[in-house]
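Database features, via Swiss-Prot:
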DOMAIN    6-59  domain 'ClpX-type ZB'
BINDING   Cys18, Cys21, Cys40, Cys43  Zn(2+) binding site
BINDING   Pro122, Thr123, Gly124, Ser125, Gly126, Lys127, Thr128, Leu129  ATP binding site
Amino acid sequence: MSEDRQGRSGDSNKILYCSFCGKSQHEVRKLIAGPSVFICDECVELCNDIIREELEEKAQSARSSLPKPREILEVLDQYVIGQLRAKRTLAVAVYNHYKRIESRSKNDDVELAKSNILLVGPTGSGKTLLAETLARLLNVPFTIADATTLTEAGYVGEDVENIIQKLLQKCDYDVEKAQQGIVYIDEIDKISRKSENPSITRDVSGEGVQQALLKLIEGTVASVPPQGGRKHPQQEFLQVDTKNILFICGGAFAGLDKVIQQRSNDAGGIGFGAKVKSSERKQEVGKILAEVEPEDLIKFGLIPEFVGRLPVVATLEELDEPALIKILTEPKNAITKQFKKLFDMEGVELEFRPDALSAIAKKALKRKTGARGLRTIVESVLLDTMYELPSQENVSKVVVDESVIEHKSEPYLIYQAQPAPAKAASGD
């Protein structure tokens, strides 16, 4: 009976029925055949509706959980000191990016363009930390790529699709999650074109990498080998659409301030209308970088097409001594708080005197390492103490002052007061 009802694909006289709703081929417009199974067009439409409803529910829950720009800024303030303008720019750009993803799920007439971000600022000013904090807040996969290791496909080095493989690794090869992740490409200024004139020799780690990154950043379907695999012809690839991945590129762009100043001076003209150049009134690098225009980035060595793919530009200021002292003490994961917790696990209190914090900040400024160099300085002055402390008894407090930082003196150890020994009872 069931055989008569389903029909045989080889017998043209048998009436075929949908395996899901039971309607015959005469009651529906289309009947699609599978391996001994049939499905009608009405059931296909019903399945589409169910999937569409589920996707809409997911989009609505994501919409309600997406933090507003003000909320994003509040979280960034907990981890990153200063850089208010850059944080506001990022908060708005990230919010708009994920709103754009939501709008793509609807049948909207207006298609929103993708707004990738370029962070310009000195070493240790907080570019990577900003990107990491954003990804943690939004609970999306995040990976960091070093632009200096990238080369064009076919040359020794990493090709640009390795970036997507790293992102997949962060989310256990869940393609759907990876397609809404964040990629931070560091040292992007190091792949600038070596000169404004085209070279006869191929620039495989400069302009060539910029060309290779264009499609990836704009949005393409990247073929990535599965877990731990290498590319070879007989292999099945994972297809990852990058159109919803947010790319944040960062770099120090050393010398860009001079390019901007040159443009400003050229705009001033010559003669009576010219702007007066004064060496005494030297602007801070951060303020100069804030005036960056796309033409400055092109003159620096980024190709016009690449600059066009990074429409949101946020500039970060060089950190001064007060800002570095705040970084040492104020953020949720401040360096001094981390070391205090380590010492507390040994039952010892750790104290940094104000003059010590100032000395650490001055040392980092002298080394031109920004906030990145703070931890190195603190690690080096506390290394011997952290080595000896677990073997010592009765230490209650360790004090770090300016002499420990400047003259490499040993930190002060304060010991617990020992109870006086009980007197022996005298015999009568």
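Including glycine, each Cβ sits where the backbone N, Cα and C put it.
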Query raised in the report: Roughly how many angstrom lie between the C-alpha atoms of Ser125 (ATP binding site) and Cys43 (Zn(2+) binding site)?
Result: 57
Requested in this report: Using C-alpha atoms only, work out the spacing between Gly126 (ATP binding site) and Cys43 (Zn(2+) binding site) and round it to an integer in Å.
Outcome: 54
Query raised in the report: If you count Cβ atoms within 10 Å of the Cβ of Leu129 (ATP binding site), leaving out that atom itself, what do you get?
Result: 20
Requested in this report: Could you check which of the binding-site residues (Cys18, Cys21, Cys40, Cys43) sits closest to Lys127 (ATP binding site), going Cα to Cα?
Outcome: Cys43
Requested in this report: Work out how many Å separate Pro122 (ATP binding site) and Cys18 (Zn(2+) binding site) at their Cα atoms, rounded off.
Outcome: 66
Query raised in the report: Does DSSP put Cys40 (Zn(2+) binding site) in a helix, in a strand, or in coil?
Result: strand
Report task. Starting from each candidate's C-beta and looking 10 angstroms out, tell me which of the binding-site residues Cys21, Cys40, Cys43 has the most other C-beta atoms. Result -> Cys40
Report summary line: Densest Cβ environment (other Cβ within 10 Å) across the binding-site residues Pro122, Gly124, Gly126 belongs to Gly126
Query raised in the report: Taking the Cβ of Thr123 (ATP binding site) as reference, which residues of that chain separated by at least 6 in sequence fall under 8 Å from it?
Result: Ala252, Lys368, Thr369, Gly370, Arg372
Query raised in the report: Between the binding-site residues Ser125, Thr128, whose Cβ has more other Cβ atoms within 10 Å than any of the rest?
Result: Ser125
**Report entry** DSSP state at Cys18 (Zn(2+) binding site), helix/strand/coil
**Finding:** coil
Query raised in the report: Within 8 Å of the centroid of the Cβ atoms of Cys18, Cys21, Cys40, Cys43, which other residues of that chain place their own Cβ, given that this set defines the recorded Zn(2+) site?
Result: Ser19, Phe20, Gly22, Lys23, Val28, Leu31, Phe38, Ile39, Asp41, Glu42, Val44
Requested in this report: In three-state terms from DSSP, label Thr128 (ATP binding site) for me.
Outcome: helix
